[in-house]
Each structure stands twice: as C-alpha cells, then as structure tokens.
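Taking it in order: structure first as structure tokens, then the write-up.
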Amino acid sequence: MESAKALLVVLRKDLRVHDNVVFEQAASATGSEFNILVPLYVFSAQQMDLSGFVPGGAENPYPAPRSRVGRYPRCGRHRAEFIGSAVWDLKKSLEALESGLVIRVGIIADVVRDLAKGLEKNGHPVGAVWMTSHEGTEEKADEKAVASLCEGIGAQCKIWEDEKYFIDDRDVAGEPKDLANVFTTYRKDCEPLREKPRPVLPPPKLGSLPKFPESSVIPPQGAPFVIPETEDGLRDALVKPVASILENQPKFPEGAKSAHPFKGGETYARSRLHDLIESGKMKEYKDTRNGLTGTDFSTKLSAYLSHGCITARQIHHALLGYEDGTNEAYEKVDGYGAGENEGTKAIRFELLWRDYMRLCHQKFGDTLFKLAGFKGAGAEYSAEEKKSKWKTADEKLASEDQQPDPKRIAEIIERFNAGTTGMGLIDAAQRELLHTGYVSNRARQNVASFLAKHLEIDWRYGAEWYEYLLVDYDVSSNWANWQYVSGVGNDPRGELRIFNPVKQSFDYDKKGDYVRSWVPEVGSLTKLENVFQAWTASEEDLKTARLDDNIMVTDAIRRITFVVCSRPPQSGKRPFFRRRGGRGEAARSGASGPEGAGGNDGAADNGPDGREGEQRTGVPTSSGSSAGGEENGQSPQQPTPHGPAAGHHGGGMGGYRGGGGRGGYQGQHRGGYQGRGGGYHRGNWRGYPHGMGGGAPRGGNGFRGARYGGGGFQGQGAGRGRWDAGIRQHDG
C-alpha cells in the first residue's frame, strides 16, 4: 500500500483560517493525493532573537538579528508578544477544525527540510509545500530557498498569491513597473473603491481539512531549542531576549494608558472589527482618526492586517453589511442601510494606501531600504536631487565637514529614541512607542519629519527603530512611508513637506494631555507652549517643576520659537500663532527648510491622512541649529503685538515683509495673515509661482491663510496648493 502523502503548509503573515487561500484550497484536497496536512509556523532566526527558546547553559546557534544602519534588534517585545498570541490563536482555531499547528524556530528552509525528512522517515513523505507570497527581501529569499529544497526532495512547491489586501493584484491593470508614482493617480484608476474588492473566501468546515498527523509522527524541534507547550510559555520565550529596550528604561508613566491594549490573533481581530461597526466608530472615523489618545480614535486594525490575522477585504465586506443593511447585527447603528458614509469611505482610502505602499515595494524592490529612496532610483530625477546630505553617526560614512559630527549625531539619535529631545510631541510619541509598541499616525508623521527634515539625520535610523518597536510593523508600509515623509519617496512635494511639531501640538493636543501623559516631567507646567517645549518656561517655573537642570531644557535638540499672540481669539477660537525671529538653520543653508523662510507645516486633513487635502499655510517659525543652538528672535514668553511695526515682520532672510500700512496681522483663528497694507510675500516657496505679489490676496499682506491648521494658498498667481501626504503605517 502506497504511503500517504503529506501537504506541508508554511504560514508566515497569514495567521487566520477565514479568507485564507491555503486553507480554502487544502479543504478541497481531502480525498486527493494529500491525506496528511501539516500547518507550520516558524519563528524566524532572521527576524527574531530566539535565545529565549534555549534552556540555561546551552548556546544559541543563531546570533541575534540586528538592523543594518542603527544596529537595533529586528523585533521588540511588543510585536513579539503580539505575534506569539496570534500564532497560538491560530493553533486553537485549527484544533477546533480537527487539525493543528506545528510551531518551530530557526531558518524556515532548514525547518522545512528537517520536518520533511522526519515525516518521510515515519511513513509520510511530503508531496507538496505551500506558502503564501509576501513582499520583502528576506521573505522572497525564503520562498526561493523552499522552492529549491522541494526540487531536491521531489515535492511540489506552490506559492499562492497573498490575498490579505484590499484590491487583488490580479485586478490591477499593468505590471508593477507601470505603477503610477503618485498615489492620487493610482487611486483614480481604482475607483470606485467600493466595487473593486473580491469576495472573501470561506473558512474550512469542520472535518474538511486533511487530517493532522499524530504527534508521534511529527519530528521534534531540533536542539538546542525547546518549544513551550503553553501560550504563556511561548510569550515568555519570545519576550525574554528583548524585555528591556533601553539600558535605563523609564517606568511606565503613572496614569498613562496604552492606545493598543489588544491581543494578537484572528479571534481578536474579528471581534475588534465587529465592535468598531457596532459602536458607530467606523462612521466617525474621518473625524477622529487624527486623535492621539485612547483606543477608539482609529481602528487599531493595523497590527491585525500586518500579520494577516484579518484581511482588508474582510473589513470591506463587513462594512458593506452595515452600509447596505444586510447584516442585522448592525441594524441599531446610526447609518445602517444608508450606504457609504464619510467614515467608511475614509477607511477604504486607507486600505488602498496600504495596497499602494506594497505595490511601490514591488516596483522599486530593495530601493525601499536605500538612503536615496525611490526618488534616487528614478531616471526622471536630476543628479542634484539624488545627492545625499544626510547626517550620520557612522564616522566612515560621514562627510568631512558634517556638522554636528558623528559623535554628536549618535548622542542625538540616542535621545531621539529615548524621547528626551525637548520637543514635547516628539518625546511623547517616542516614549509611547517604547512603552506600548504603538503610536498614532499623526505622531508618526511628526516623528519622521522631525528626524529627517528638522535634524537632517539619515531617515533609516528612524525606520529601523520603528521596525524594532512597532506592534503593527509591516515592511512595505513602514519603509515606504518613512521615505514618503522624509522626501525621498514618491511624494510629489518631496522635501518641501515639513511638519512643525509645535504647531501640530497646538492643533492635535489642544490641552496638552497627550504630552503630559507620556512626558510626566512637564506635567506641572501650566502654559501649553511650555509643555510642548519645556525650555520656553520661565526660570521660576522650571525650578518649581524641577526641570531647571533637565537635559530637555539645558540641551534641547531643536528649539522652535513659537509665539502665542496676545490678542484674544474671535468666535471662541484659539489664538493665532506666528513666527518671530531671524534666520534659522534652514535659511542659513539656503534651503526652504523646516523652520526657515518658505518652510511649511505639512499636514492637511482634507483627504485620507492628508494625502489629498489642501496645503496648509501653517505657521512659519525660526530655528536654531540641529545640535540645539539658540535661534534669533523674540522669546515666546514675551507678548506679541497685534501687528508688526511698519508692516515689517520677520527680520533677516526669508521673513515676511509688508510694505507698511495698517493691520499687520489679524490674530484670528481663521484667516491667517490678513493685512490691509500693500504687502507682499518675499519667500521662495520652492516652485510656487509668485504671480502678483507672490500670491498676495487682493493686494494683501503676503499670503492669506485659508484656515488655521489647513487650507491652501489663495490669491492672484499663487494657485491652490494640493497635498498628497501622509505616513500611513497603519490604517488609522
């Protein structure tokens, strides 16, 4: 009698039984040549520190994997714990289907080889190995290695299309090389989004999968590793090697709460999706997605999507049940049966953005990890645009005239990672990331912009730090979005899109609760400008708060002068903020940089994550050196007059100069700069036509902001700026 053939299914980022092509196809293999199904998950030595699986006294044969630039661990405690939970949840789901899951550690191809040998020895030769295709250099290398192994043992190797995305690759016109370099173009080609996703695949029915072999048939894990037999044991083995992130890691702030307290796994992903729709949060998504605190300001489905616990089209079809009124579970939810609303539409936009990042990865390949980014790989970009001016901590790579020098840059990067730069929003975001593995999209944008554009440090330090700590890390989304915000990706605005973290703080942390929560040192400061930059507080306040000798005050990495107008807000709106001072580092270098003349805030909210919103007029600011130098200009504690004397504002290069006249500035929330004098905008907005008076509205004072925190250039000759922005690492 011929021995039964085994079907070996290697699972990686497809940790679910619903809408999973390998299980849907395996269920139809019952009664065929495959009588044995062996689902396998391998904790890869290329991406995780496996020393926690080695008993005391034994040596781990695999060195702990490290990133190339910053030499950080590849996977931190938060993601390790999340993946462990997701793997265990999949194991339980398969057992409920009368199947099972083999858990191993090591190099995937080596584990498959050893498992195949053991199964054949025990009378079950492997007839085929199935995997789902994934993006990534290491992922593709694993697929090739397994295919080569299968050829050697006479087994079939099948690499299935990854179907966890929104719009199936097979339904996208053209080859990867033909992908539009601008998201808006791609999006328009895909519309209407609501009609494009394929149906979800059904889960296997009870008893439909080929049987799982007896434990005696399955060869054990190779020495020196030991696989725990409980979920807690698995979590401990994964977390132990990376339990401590920093040498002097701060304690979890009292009163702070994680915005991502969710366990990994398909069961929890499906429950989260149901709760979001049932609670009405999906309908509110567009209005809440820029929040900083709490569990429900965004969907928090990104980690589940990244690890394949749920698919984008599952989310889409769940929304259809609510929008079309076909799922009675949601009949009491506002908007039930009323079709697509602004919230559900925005969610689909974000799901498409994830698709786009992955397709960019396909198009540009390993350029994803190169300093010059996608932009440097494009023939349409000039040699000047490809030049690198990035600062680095690597003495071998730093230019001879790099300032600050590599030693100082290393110190800055260390403080950036630890959240002690002195920039409140950045520090809060970095500490939240340290403690929870999660940070909001709004904060991620600011963190990336701060490192790459304010400090001009090699953006890959930040991308690798995020890879290390994010619970929702996805190779395509993380790296492509870091490129996007850093100005080397496929953002049409490139290096000109700059976030002012102080203004962003006033916009999105209106009471300072977020910064106070994660940076408790500034908790007793009462003025928002002091909370957002502690160095701006008076000596008396600093002493009272015991901050007078704190490094965030004495050696702030970047100081942005940001003055609060003394004029009361109109119509109950917040005060208007404006710049004071002379030339900063960006002006000195001749660039339209982070805080120099022509700099801008770079965040809009009219589209999915600002990618399609109008350009923000922002609030120009001045800065000191990236090493923490002082900048020229008035202290933010000093009162600001209602209008600049003689219509002159800014001083030095790159300021705003009105030609005299009355009014100067109207300190109102809406309206930006509205002077009556015949002023003009003297600034090189990098490619924006000056027209009449450099875009001066109706002969006004320079330019007219449309809305505080948003809006575009309005005026003769200026046109209407469009954004295509966002670091959408996650769906919300």
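Quick reminder: no glycine exception, Cβ is built from N, Cα and C everywhere.
Residues annotated as domain 'Photolyase/cryptochrome alpha/beta' in TrEMBL: 5-165. Taking the domain 'Photolyase/cryptochrome alpha/beta' (5-165) as a whole, pLDDT averages 95 in the prediction.
Residues or ranges marked as FAD binding site in TrEMBL: Tyr285, Ser298, Thr299, Lys300, Leu301, Ser302, Asp472, Tyr473, Asp474.
As annotated by TrEMBL, site 'Electron transfer via tryptophanyl radical' applies to Trp390 (among others). DSSP assigns Trp390 (site 'Electron transfer via tryptophanyl radical') to coil in the three-state reduction, outside any helix or strand. Around the Cβ of Trp390 (site 'Electron transfer via tryptophanyl radical'), a 10 Å sphere holds 22 further Cβ atoms from the protein chains shown.
According to TrEMBL, the site 'Electron transfer via tryptophanyl radical' annotation covers Trp459 (among others). Look at Trp459 (site 'Electron transfer via tryptophanyl radical'): DSSP puts it in coil. Within the same chain, the residues at least 6 positions away from Trp459 (site 'Electron transfer via tryptophanyl radical') whose Cβ sits under 8 Å from its Cβ are Leu371, Trp390, Ala448, Leu451, Ala452, Trp482, Gln483, Ser486, Val488, listed in sequence order.
Taken residue by residue with DSSP, Trp482 (site 'Electron transfer via tryptophanyl radical') is part of a helix. Here TrEMBL flags Trp482 (among others) as site 'Electron transfer via tryptophanyl radical'.
Positions annotated as region 'Disordered' by TrEMBL: 569-732.
As annotated by TrEMBL, compositional bias 'Gly residues' applies to 648-681 (among others).
Residues or ranges marked as compositional bias 'Gly residues' by TrEMBL: 690-720 (among others).
According to TrEMBL, the feature compositional bias 'Basic and acidic residues' maps to 721-732.
Leu301 (FAD binding site) is surrounded by 25 other CB atoms, counting those within 10 A of its CB over all protein chains shown. For Tyr285 (FAD binding site), other Cβ atoms within 10 Å of its Cβ number 24. By the criterion of other Cβ atoms within 10 Å of the residue's own Cβ, the least surrounded of the recorded positions Asp474, Trp482 is Asp474.
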